[in-house]
Amino acid sequence: MHILMIGLNYKTAPVEIREKFSFQDSELPQALHQLRQMKSILECTIVSTCNRTELYVVADQLHTGRHFTKTFLADWFKLPKDEFTPFLTIRENDHAIEHLFRVVTGLDSMILGETQILGQVRNSFFIAQEEQVTGSIFNHLFKQAITLAKRAHSETDIGQNAVSVSYAAVELGKKIFDDFKGKQVLILGAGKMGELTAKHLHSNGAEQVTVINRTREKAAELAKRFLGVDRPYNELTEAIVEADILISSTGATGYVVTSDMVSHALKKRKGRPLFMVDIAVPRDLDPALASHDDVYLYDIDDLQNIVQTNLEERRTEAEKIELLIEEELVEFKQWLNTLGVVPIITALRTKALTVQGETMESIERKLPNLTEREKKVLRKHTKSIVNQLLRDPITRIKELANAPEREEALDLFTKIFALEEELAEQEKQEKVKQAEQEWLAKKRPITCMEKQSHVMVKS
């Protein structure tokens with residue numbers, strides 16, 4: 001058994017490539033079953049976000065697993081392999097497991113340590129589970145990965161410091177105001193950065209939002225998102241009088257808010273502090289504003305400096321998570337190795353119980369006058385002898401599962417107990433079971449998610 005990750009992300013592929021390889025949640029059931037039906041694929045999960053599309057599979061062979069996973073991508077997206085192969089990242093076994101752990105903890109994200117990816121991976125896994133395309137390996141692996149991510153964010157401070165310009169403005173504001181509740185936010189311009197900053201302020205308690213923009217319709221549209229109000233551009237000075245926080249991100253080429261304008265407003269504010277954030281380039285707010293008492297002015301460079309400092313702090317926290325990942329990787333490998341000896345343990349039990357059964361049949365033939373109670377007692381005690389004899393070998397083989405000489409030791413164990421025939425029969429039954437599952441997958445009923453998707457397409 002081998003674990004593979006094949007995919008592309010923001011590091012390896014530009015957005016014009018990534019957008020061609022994106023799965024909608026409604027497409028995942030069909031995609032998962034199509035991938036699972038590919039030769040060599042035993043289990044699978046697909047993680048698809050705006051920054052990555054990654055296919056995780058359990059394959060019986062590495063080379064066929066790689067080949068048929070790429071074939072699935074080519075078939076699904078109807079693109080030749082040579083068009084996307086240069087952008088692919090491939091991770092195998094330990095490296096695939098470690099990669100998943102880094103992804104789910106946010107260490108591989110564009111914004112280091114972000115938590116949104118945890119929900120996205122969890123959702124992808126739940127869909128795969130619901131579609132019954134995961135098995136014992138991925139059920140264990142993804143549950144462990146999700147638990148690791150929760151542990152990483154509870155045991156470290158990686159998510160505590162702002163690493164976006166918009167959220168850095170909120171951090172600065174908290175140094176001036178103990179609480180944003182009841183504070184008036186004035187957004188000057190309807191730009192994306194201003195909107196993001198307002199969103200963070202609003203989620204931190206700033207409920208009263210006013211938007212001013214040269215195009216009134218855009219101002220009204222943005223104000224509506226925050227249950228705020230829009231005002232005409234010629235009321236800017238009056239709006240500054242009422243504001244506690246001003247966020248400016250217009251596309252103007254000169255200063256939109258001048259020192260003289262604020263001087264008039266300050267006379268009516270009676271010493272209330274005014275927090276001003278200039279996200280625009282070129283700047284909207286006259287740098288001379290910083291000379292006024294009760295005015296706290298910050299521009300894009302100030303915010304970038306905060307972001308850079310916080311990034312360094314996050315990198316320090318990320319090192320702690322790397323240690324957690326190492327621990328979890330060792331733990332999963334030990335579990336996986338133990339899982340690998342299950343067929344040998346099963347074969348040993350099968351052989352021992354077969355001998356016990358044959359012995360009981362021989363006893364019953366030679367002692368035909370045994371009562372049912374006597375037979376029951378004999379079965380119980382002979383089975384007890386078998387279990388006692390097997391206890392030490394089974395304990396030892398579980399220990400050998402994680403020993404350096406694992407392969408040689410397991411091979412010797414198999415030969416000593418002559419388990420080749422039992423293992424061959426297990427393998428045969430497993431192939432029959434796999435063939436039945438593949439046949440059932442092709443005959444499977446349409447899922448609720450697919451029905452909803454079909455209805456949406458028709459409508």
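Using the three backbone atoms N, Cα and C, a Cβ is placed for every residue, glycine included.
These features come from Swiss-Prot:
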type: ACT_SITE; residues: Cys50; note: active site, nucleophile
type: BINDING; residues: Thr49, Cys50, Asn51, Arg52, Ser109, Glu114, Thr115, Gln116, Gln120; note: substrate binding site
type: BINDING; residues: Gly189, Ala190, Gly191, Lys192, Met193, Gly194; note: NADP(+) binding site
type: SITE; residues: His99; note: site 'Important for activity'
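Here the features listed in Swiss-Prot are painted onto the structure.
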{"residue": "Thr49", "record": "substrate binding site", "DSSP (3 states)": "coil"}
{"residue": "His99", "record": "site 'Important for activity'", "DSSP (3 states)": "helix"}
{"residue": "Ser109", "record": "substrate binding site", "DSSP (3 states)": "coil"}
{"residue": "Thr115", "record": "substrate binding site", "DSSP (3 states)": "coil"}
{"residue": "Gln120", "record": "substrate binding site", "DSSP (3 states)": "helix"}
{"residue": "Gly189", "record": "NADP(+) binding site", "DSSP (3 states)": "coil"}
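Cys50 (active site, nucleophile) has Ser109 as its nearest neighbour among the binding-site residues Ser109, Ala190, Met193, going by CA to CA distance. For the pair Gln120 (substrate binding site) and His99 (site 'Important for activity'), the C-alpha distance works out to 15 angstrom. Closest to Ser109 (substrate binding site) by Cα-Cα distance, out of the recorded positions His99, Ala190, Lys192, Met193, is His99. Thr49 (substrate binding site) has a Cβ environment of 20 other Cβ atoms inside 10 Å. Cβ neighbours within 10 Å of Gly194 (NADP(+) binding site), excluding its own Cβ and spanning all shown chains: 25. A gap of 15 Å separates the Cα atoms of His99 (site 'Important for activity') and Asn51 (substrate binding site). Taking every protein chain shown into account, Asn51, Thr115 are the binding-site residues, and of these the Cβ with the most other Cβ atoms within 10 Å belongs to Asn51.
Here substrate is bound by Thr49, Cys50, Asn51, Arg52, Ser109, Glu114, Thr115, Gln116, Gln120 per the record. The longest Cα to Cα distance in that group is 15 Å. Looking at Met193 (NADP(+) binding site) and Asn51 (substrate binding site), their Cα atoms lie 20 Å from each other. Within the set of recorded positions (Cys50, Ala190, Met193), the lowest number of other Cβ atoms found within 10 Å of a Cβ is recorded at Cys50. Summary of the NADP(+) site environment: with the site residues Gly189, Ala190, Gly191, Lys192, Met193, Gly194 set aside, the chain residues having Cβ atoms within 8 Å of the Cβ mean position are Ile187, Glu195, Ser249, Thr250, Ile279.
If you count neighbouring Cβ atoms within 10 Å for each of the recorded positions His99, Lys192, the highest count belongs to His99.
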